[in-house]
């Protein structure tokens, strides 16, 4: 019997031993899941038999990936859960232990419908626990902007409770569309997990949220923070306050009435005729000289990649970077990409692994590849450079004034660059003009899509919640990006800066040499 499909791992035989299955680790995990179910019922997260929880049965003698899994059942009242109600699964999803049937009116035992989704978090993120909540705030948070593919928030205290985030960071949670049956969400959840490598949660529109962590404590803590932040966003929305910007000013440039139940906003919804305008900026050759990126940023990453990998090799962040690089290199080797070399397995000598990683990264940098695995690692290396003051962000002189002007006029400004979101924030947060992030509302990178593909700009327009893509101005120096954005309905201006590549004759786009011309 299998709760969900999956190949058998090398540690399967060991994890299925009778001693482990009947041992203290599994017993404690059963009791823990039952306790958490009862606790979350009181929070309103798992009422009406909805929602579910799963944890790994912690055995220090086994790698996390090989540990047994305990899952709550389906159809059992969460406030009455006991350890004996739990299912125990192998690391690859095979049911090893099922609860016994209870007399009427109890339903026959059944493993949670969330099982295949839980397994995606275990296999793709190396999770130690996953929580699925139906908390009301998780549903309403996805309704604030029905067209948005992401929930975004910044400058809110509890953001720092989310792994990899601080108070000033922008929290981005992907939103997937709901389906009639839970198992039908499996593929879209997996796609969201793959597309958002820094995310520790996925929202399901009008449904709930999946949250994972490397332990049950981490998953629980993050789940509590997410629920707090969603509740805060809902309350800020009711007050007409924008939760997506650092200053948390009035929504829609103070044009929205103070009461969301104003007669001018039927049923508390913003006037569909109200006009929203956004500016989306490229970085290289638009806000920043290409020479700064090619002559300063790239060489710094190239020259420090070995030092960075060596000093941080055992950190969770670098392990995730290496994991993404492995996936990319395997694909590159299949496609015959020049400069790609095999990366030894994790249990190989550290220096051998690092040597292979350095060779691949140097080749990627030389080819100026716009791939997420490289950009994420570069961002982490640059962070060290900015923190040590070895690096300082460079922008053209006209950029700060334009950002201030747009900000003061209520225009929302976003960045879309092939560099990681972290790298973007580092650049604008550490300039000779001070921290310019206060004028920016969000950051997009290649996790949104390739900058030369029209669908990427369609995704951005959906995230920004405008009534029409034509309400977005995109400024770039790259002709192919301009064409893609225009095809998505954006207004487009091409930036002419020193060092930029020449444009085709009769390209048909408006051009500027300074933001002051806009």
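Even glycines carry a Cβ here, placed using N, Cα and C.
Since this is a predicted model, take the numbers as computed values, not measurements.
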Among 389, 404, 451, which residue shares the substrate 2 site with 417, 418 according to Swiss-Prot? 451
In Swiss-Prot, the residues 282, 284 are said to bind Mg(2+). Which of 92, 467, 477 is said to bind at that same site? 477
Given Swiss-Prot lists 132, 134 for Zn(2+), the same-site residue among 39, 207, 227: 207
Averaged over the whole of the region 'Enolase-phosphatase E1' (279-518), what is the pLDDT? 93
Find the one among the binding-site residues 134, 207, 451 whose C-alpha lies closest to that of residue 282 (Mg(2+) binding site). 451
Smallest Cα-Cα separation from residue 451 (substrate 2 binding site) among the recorded positions 114, 157, 284 is shown by 284
If you measure from the Cα of residue 418 (substrate 2 binding site), which of the binding-site residues 114, 132, 134, 207, 477 is the nearest? 477
Across all the protein chains here, work out how many other Cβ atoms are within 10 Å of the Cβ of residue 282 (Mg(2+) binding site). 23
Spatially closest candidate among 114, 132, 157, 417, the listed recorded positions, to residue 284 (Mg(2+) binding site) (Cα to Cα): 417
Simplified to three states, DSSP reports residue 477 (Mg(2+) binding site) as coil
I need the nearest neighbour of residue 132 (Zn(2+) binding site) among the recorded positions 114, 157, 417, 477, using C-alpha distances. 114
